[in-house]
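Enquirer: Here you go, one structure.
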Amino acid sequence: MIKLDMTILDSLKENKALRKLLFSGHFGLEKENIRVTSDGKLALTPHPAIFGPKEDNPYIKTDFSESQIEMITPVTDSIDDVYNWLENLHNIVSLRSKNELLWPSSNPPILPAEKDIPIAEYKTPDSPDRKYREHLAQGYGKKIQLLSGIHYNFSFPEALIDGLYDEISLPNESKRDFKNRLYLKVAKYFMKNRWLLIYLTGASPVYLADFTKTKQEEKLRDGSSALHDGISLRNSNAGYKNKESLYVDYNSFDAYISSISNYIEAGKIESMREFYNPIRLKNAHTDQTVESLAKHGVEYLEIRSIDLNPLEPNGISKEALHFIHLFLIKGLLSEDRELCENNQQLADENENNIALNGLSKPAIKNCDNEEMALADAGLLELDKMNDFIQSLRPEDTYFQAIIEKQKERLLHPEKTIAAQVKEQSATAGFIEFHLNQAKTYMEETEALAYKLIGAEDMELSTQIIWKDAIARGIKVDVLDRAENFLRFQKGDHVEYVKQASKTSKDNYVSVLMMENKVVTKLVLAENNIRVPFGDSFSDQALALEAFSLFKDKQIVVKPKSTNYGWGISIFKNKFTTEDYQEALNIAFSYDSSVIIEEFIPGDEFRFLVINDKVEAVLKRVPANVTGDGIHTVRELVEEKNMDPLRGTDHLKPLEKIRTGPEETLMLSMQKLSWDSIPKANETIYLRENSNVSTGGDSIDYTAEMDDYFKEIAIRATQVLDAKICGVDIIVPRETIDRDKHAIIELNFNPAMHMHCFPYQGEQKKIGDKILDFLFE
């Protein structure tokens, strides 16, 4: 077995900066899932149109089949970030694949006849990507192409390579040659020891009987087949391999390039893309030819042998990602040993033996053809990992715990992923087990559909439009996280967006007018659009003196320039001087000027207008609780606020009901307190204004709303030259009174999340509508 390279280890021990860099890197993932129907059959629908042409979307493509979706993360600087990206892509694809599920196994679901398996479609029939897939279908068959998995792309930090180059490079060795040699060394280690990775991550021991046959299989009660003691059909000789073994020369980078070129010239493979090695040396240039690799050198490694783990929602655990990273670090820190053709054959035998018989703990052969017990061989490698962790990062208990878990799996095969998958498939059936997993994961995705993992600290509307941009393959940069300021880029087209709806389409003066409610009302009224009459005050004493003008009227007291319904008090019934003064105190706490205006009876609706079209209408019900005759108002609020969809600061679709001065005032107007116990089924309103932002409930009314009011909303936005605008209209309950409506506010930064995830009714794709407006 391969020893640790003490030259590198000693250099790292003496250099704290290099030690830190060793455990970092650049990470990217590619994941394939087959789209299936609710009964586990290959979905024959086209690739979802929302993702756009496959050539143009860097994140969401297809692999071989039109039904085989591929998710590609960008390169990140941490495993946490790449895992979040994978989870977000998985969620986006799941939610956009209507009435379909993502099949969680590497082994295919129920397939149609070979001729009916659709090859991925591209912009033109003669696309190189289409031609390549037709070549594969002819050479290997379509069914075998549907084996799916995860590709793990990794590179060491350039600063680490630079530091090691200064410390341990050979005389007269260029930086490029050193880097190529380093990655080649890691690849050799991987090829020799990949059996261990397959044992620990393999997850495809069960498959449908009509997919393939193996000598080691047993029949399960549902008629599916399982490898008797196997780990991974996909990584076995029955999986997806080149037609014949291709042994490349690992003695030098130039020899590696030459041997692949020779296979291409001999017609063994069409191009480097068809070199189905478990690990490939790659660079970031998109043509991915052997000539490009020779010219630019190695920039990263691509590991291709990772099965989809059906026990994980995203197909792989964060723990597995960390272990693979440690595995590659082990390759860097190991002695550079020859990987001749004979050694490659032994490595292939070990891989196939583990893939087909791993649960029976077969012996592992070393390069001298000597056998070692599986557990002993595996523990030897894991102990060396522990050694360099203890030596270079002794404080890291997380990595040590990961190694200990892998040891448990080595000593107890029943704890492997493969054993668990086989057991559960045997109990429920191959199709039923994987369908249940897929449905469970879909339910979990739907429950958090509003969320962008890793951006939970940002406004919900920002998360939504960011997710919708990813779906379209639009590049997103965060310019100012606290301000929710993003940059979207599609090709050469760049858009800057703040808080999801402040865009380049905004007119600055329009924003200023909408920000000032007095100006808004004045301009609308001058254009014969009905608004409530009233007055504004900058002096609280003068506002208080005006009590006699308003005391017998239904009125609204609100700040002049606030948003989200904050600081608003509504009096529909008789009110006292004290009530009036408290309302002024609240309003002046939000602004230096307040408006006192008539209360318009009716229901409040939010009309979302984008580019002169009403895209959504929402009825907003004021914050309320329903009594049960047992609990107090305060207790009922606490219970309603436990809804997982309720949060604060617009981070969830609904806002928690507050227990502040506005709510206390509203209760007092009903002769109630927080300790009052409402009757069963009695609705108690805690707010007069119906903003969702203050704990109200949202109900979609887009289809039901009269076009008469939609036209009024559009006209109001046209008057102020507003392109993305929330128009709040009080609509009378009786049709005969519709002329008694009034616009009470125009919002230049309307929240979209309440339309996307209403309390009741149809969810609207507002992020898509804004992106359409910006980019099309």
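Cβ atoms are placed via backbone N, Cα and C, with glycine included.
Sharing the features that Swiss-Prot gives for it:
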| type | residues | note |
| --- | --- | --- |
| REGION | 1-354 | region 'Glutamate--cysteine ligase' |
| DOMAIN | 521-775 | domain 'ATP-grasp' |
| BINDING | 548-606 | ATP binding site |
| BINDING | Asp728, Glu745 | Mn(2+) 1 binding site |
| BINDING | Asp728, Glu745 | Mg(2+) 1 binding site |
| BINDING | Glu745, Asn747 | Mg(2+) 2 binding site |
| BINDING | Glu745, Asn747 | Mn(2+) 2 binding site |
Enquirer: Could you pull the average pLDDT for the region 'Glutamate--cysteine ligase' (1-354)?
Expert: 95
Enquirer: Give the sequence-ordered list of residues that share a chain with Glu745 (Mn(2+) 1 binding site), lie 6 or more positions from it, and have CB atoms under 8 Å from its CB.
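Expert: Spatial neighbours, sequence-distant, of Glu745 (Mn(2+) 1 binding site): Lys517, Thr520, Gly726, Val727, Asp728.
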Enquirer: From the binding-site residues Ser548, Val556, Tyr580, pick the residue whose C-alpha lies nearest to the C-alpha of Asn747 (Mg(2+) 2 binding site).
Expert: Val556
Enquirer: Indicate whether Asn747 (Mg(2+) 2 binding site) is helix, strand or coil by DSSP.
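Expert: Once the DSSP labels are grouped into three classes, Asn747 (Mg(2+) 2 binding site) ends up as strand.
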Enquirer: Work out the three-state DSSP category of Ile596 (ATP binding site).
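Expert: Once the DSSP labels are grouped into three classes, Ile596 (ATP binding site) ends up as strand.
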Enquirer: Which of the three DSSP-derived classes (helix, strand, coil) applies to Asp728 (Mn(2+) 1 binding site)?
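Expert: Where Asp728 (Mn(2+) 1 binding site) sits, the three-state DSSP reduction gives strand.
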Enquirer: State the count of C-beta atoms found within 10 angstroms of the C-beta of Ser548 (ATP binding site), not counting that atom itself.
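Expert: I get 8 for this one.
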Enquirer: If you count CB neighbours within 10 Å, which one among the binding-site residues Val556, Ile596 has the smallest count?
Expert: Val556
Enquirer: Using a Cβ-Cβ cut-off under 8 angstroms and a sequence gap of six or more, which residues of the chain neighbour Glu604 (ATP binding site)?
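Expert: Listed in sequence order, they are Lys619, Arg620, Asn689, Ser690, Asp728, Ile729, Ile730, Val731, Ile744.
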Enquirer: Among the binding-site residues Lys572, Tyr580, Phe588, Asp728, which residue has its Cβ surrounded by the fewest other Cβ atoms within 10 Å?
Expert: Lys572
